[in-house]
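A.B. asks: Please see the structure below; I have some questions.
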Amino acid sequence: MVCRFSYVQVVLILVVLSVIISWANACSCFPPDETRQQKCRRADFVFLGRGYVTGIQQIGSFFYLRYCFLIDRVFKDRASSLNIPCALTNVESSYCGVRFERGRRYIVSGYLTRSGNQIGACEWNERWSNVPFLTRLQLFNDPQWCLP
């Protein structure tokens, strides 16, 4: 009788836990320790500019923020992906979405997909004022710095 009672308790606890616990998503990048230059080299586009949100777009079951940019300088643009200077990023940071403060300058990099330009936390998207001076110097003075 005691054994049956323990079994019922364990089953009840497992049922309650399975209802309470939901799937959690987390952004994880691979490889995890890429340098700025490595991120720059694998991106389809890299530019310096100021972004502003122009809306939300749904693709499948995911929602994306659409940022458009006032571009100061283009460092890399494969396949003329910056003809339309806008890009999508996931609304959720747990899905590697990124945010840009309006009016601030950022280094922005990403990929051209069927849905348009995509940017995320695993690419080189960083406030320009946080980029080290030597990296800025290399980026501006060495045209090969971002090329594979």
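Each residue, glycine too, has its Cβ placed from N, Cα and C.
Relevant sequence annotations retrieved from Swiss-Prot are reproduced here:
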DISULFID  CYS27-CYS96  disulfide bond
DISULFID  CYS29-CYS122  disulfide bond
DISULFID  CYS40-CYS146  disulfide bond
DOMAIN    27-146  domain 'NTR'
SIGNAL    1-26  signal peptide
A.B. asks: When you rank CYS40, CYS96, CYS146 by Cα distance to CYS29 (disulfide bond), which of the disulfide-bonded residues ends up on top as the closest?
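C.D. replies: Closest candidate to CYS29 (disulfide bond), judged by Cα separation, is CYS96.
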A.B. asks: Filter the disulfide-bonded residues CYS40, CYS122, CYS146 down to those whose C-alpha lies within 10 angstroms of the C-alpha of CYS27 (disulfide bond); answer none if the list is empty.
C.D. replies: CYS122
A.B. asks: When you rank CYS40, CYS122, CYS146 by Cα distance to CYS96 (disulfide bond), which of the disulfide-bonded residues ends up on top as the closest?
C.D. replies: CYS122
A.B. asks: What does the DSSP secondary structure composition of the domain 'NTR' (27-146) look like, as residue counts for helix, strand and coil?
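C.D. replies: Taking each residue of the domain 'NTR' (27-146) in turn, the totals are 28 helix, 50 strand, 42 coil.
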A.B. asks: Using a 10 angstroms cut-off on Cβ to Cβ distances, just flag whichever of CYS40, CYS122 is the loneliest among these disulfide-bonded residues.
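C.D. replies: Comparing Cβ neighbours within 10 Å for the disulfide-bonded residues CYS40, CYS122, CYS122 has the fewest.
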A.B. asks: If one looks at the chain holding CYS146 (disulfide bond), which residues at least 6 apart in sequence have a CB under 8 angstroms from its CB?
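C.D. replies: Listed in sequence order: GLN37, CYS40, ARG41, ALA43, VAL46, PHE75, LYS76, LEU139.
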